[in-house]
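Novice: Pasting a structure here, questions to come.
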Amino acid sequence: MSTDAAAAVPVAVAPAKRAPINKYAFACALLASMNSVLLGYDISVMSGAQLFMKEDLKITDTQIEILAGVINIYSLFGSLAAGFTSDWLGRRYTMVLAAAIFFTGALLMGLAPDYALLMAGRFVAGIGVGFALMIAPVYTAEVAPTSARGFLTSFPEVFNNFGILLGYVSNFAFARLPVHLSWRAMFLVGAVPPVFLGVAVLAMPESPRWLVMRGRIDDARRVLQRTSDSPAEAEERLLDIKKVVGIPEGVSDADDVAAIVRASNKSSRSDGVWKELLINPSRPVRRMLVAGLGLMFIQQATGVDCVVMYSPRVFERAGIKSKTNSLGASMAVGACKTFFIPISTLLLDRIGRRPLLLASGGGMAIFLFTLATSLHMMDRRPEGEAAALGAVSIAAMLSFVASFASGLGPVAWVYCSEIYPLRLRAQAAAIGTGLNRIMSGATTMSFLSLSDAITIAGSFYLYACVAAAGWVFMYFFLPETMGKSLEDTVKLFGKDADDEDAAAVAARHERRKSSTELSAQ
């Protein structure tokens, strides 16, 4: 072979080796996500507890429907409050507060003598759900290095699904107790973990972005040095945060606090974050809100929480008549959510957010349609054929849950935690969490009534149409964010006016610096 021909042959190049997961950032994400275990438990434990409290307290299906779904409406207040406390107290103490709220709610529900106090306990638990949903992804995204942000930010959803599984296990474990004790034991067990989690969270560092916003630059640098893949990355992340906060690049650390005070004074004279988000958003902010809020709407409007909350009833409709057997079968729903979620966790930083979202959304639409069709056909077939269709409906329901857990479930929280600029992140995340909980509450509080009106099959046909429409939305409106820093991710939605302001401030600072040097000469 000639020299020229040999030179033309491409040389194989080994792919760049991925940086190992930062152990300190991993531990921070793990602890921050533990509150999500309580969140999942409080939601799923109701699926079995409702069967026993209905008999014990003599309450109706309508009261059960309200009690089951209203926790998501109550969580709206928690998510909005968490947006305030996370900027005021910090991300870490907001998580401690969430654990305390979960503890109080579990005690109130487990010891409630009547429906009214049970509803009060659900209100307190709902506040805790809102806190946990909002703060864990935000904290983890702000601590995690860019190379592992998708992996680590998916942890809250992983632990949420583990909590759902524990709720189903609790239902099955206490189902054989006397009726007046079984549902109470299911709730009271949920009061134990918050005690340990509240203490464990105190061992975590505060978010470096929150520290910079408070002028604690040295503390932020120490956290970044421990949670970054290299010292150079730590300094780069610190410079990015300082730029977003409004500190010009040439300002020394000694001047940082003064710069932040000036930025805070400027912010206090402005119309505020809420006005920027809701009343007069810039074009990039509008695009972020459409993407983030649309994704949160789709995640819950597909009816996944109805499957979690009412799985024993769906299994009964599919042919499993025994109460104990239906509770045992419900554990399969929790197992599917728990065991399939690592797929997205491992692939988020390898293939990206968009492919996982699109594959998940497509699978959900297909399996919802299959579930609805099999349930619909069961009413028109003899008992022998109906049994086979029941098996198909159960398989379709579990496949739907697996599709959700391997994509839309965790990725939606990761995506929405990384697309907003720092100055808007906590409040925008709170709004998204609030919408997510409103939709969850709307679906779970209407499922039984909707099923009576258009049948269970009709309800799942409706959810299948929403999933199909959601796939179209995700295809056209969600850009890929993999591999970008939080500060660079914002630029995918257009140039923000604040970026231009920061550049102007830096230019003015440089001109003043040059002028001072010339005067000195």
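Each residue, glycine too, has its Cβ placed from N, Cα and C.
Taken from TrEMBL, the feature domain 'Major facilitator superfamily (MFS) profile' applies to 28-482. Summarising the annotation, TrEMBL assigns transmembrane segment to 24-46, 66-86, 93-112, 118-139, 151-169, 181-204, 288-310, 330-348, 355-375, 387-416, 460-478.
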Novice: Would the transmembrane segment (460-478) count as touching the transmembrane segment (288-310), if touching means at least three Cβ pairs under 8 Å and pairs must be 6 or more apart in sequence?
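Specialist: Contact between the transmembrane segment (460-478) and the transmembrane segment (288-310): present.
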Novice: Residues of the same chain, at least six outside the transmembrane segment (66-86), with any C-beta under 8 angstroms of its C-beta?
Specialist: 42-43, 46-47, 50, 59, 93-94, 97-98, 101, 115, 118-119, 122-123, 125-131, 133-135, 138, 210, 305, 309-310, 426-427, 429-431, 433-434, 437-438, 440-447
Novice: Hey, which of 24-46, 181-204, 330-348 has the most Cβ-Cβ pairs under 8 Å against the transmembrane segment (151-169)?
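Specialist: It is 24-46 that shares the most Cβ pairs under 8 Å with the transmembrane segment (151-169).
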Novice: Take every residue in the domain 'Major facilitator superfamily (MFS) profile' (28-482), average their pLDDT values, and give the whole-number result.
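Specialist: That stretch averages a pLDDT of 85.
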Novice: Which residues of the same chain, at least 6 past either end of the transmembrane segment (181-204), have a Cβ under 8 Å from a Cβ in it?
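Specialist: Beyond its ends, the transmembrane segment (181-204) has Cβ neighbours at 28, 31-32, 34-35, 37-38, 41-42, 45, 48-50, 52-53, 56, 92, 95-96, 99-100, 102-103, 106-107, 109-111, 121, 167, 170-171, 174-175.
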Novice: Do the transmembrane segment (288-310) and the transmembrane segment (93-112) share at least 3 Cβ pairs under 8 Å, sequence separation 6 or more?
Specialist: no
Novice: Return the stretch with the most CB pairs under 8 A relative to the transmembrane segment (355-375), choosing among 93-112, 118-139, 330-348, 387-416.
Specialist: 387-416
Novice: Among 24-46, 93-112, 118-139, 330-348, which stretch has the most Cβ pairs under 8 Å to the transmembrane segment (387-416)?
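Specialist: Stretch with maximum Cβ contacts: 330-348.
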Novice: Going along the chain, which residues at least six beyond the ends of the transmembrane segment (118-139) come within the CB cut-off of under 8 Å?
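Specialist: Long-range Cβ neighbours of the transmembrane segment (118-139): 28, 32-33, 35-36, 38-39, 42-43, 53, 57, 67, 70-83, 85-86, 91-92, 94-95, 97-99, 101-102, 104-110, 112, 153, 155-156, 187, 207, 413-414, 416-417, 425-426, 429-430, 433-434, 436-437.
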Novice: Could you pull out which residues elsewhere in the chain have a CB under 8 Å from any CB of the transmembrane segment (330-348), counting only those six or more residues past its ends?
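Specialist: Here the qualifying positions are 44, 47-48, 150-151, 154-155, 157-158, 161-162, 164-169, 171-172, 307-308, 311-312, 315, 356, 360, 397-398, 401-402, 404-407, 409-411, 414, 482.
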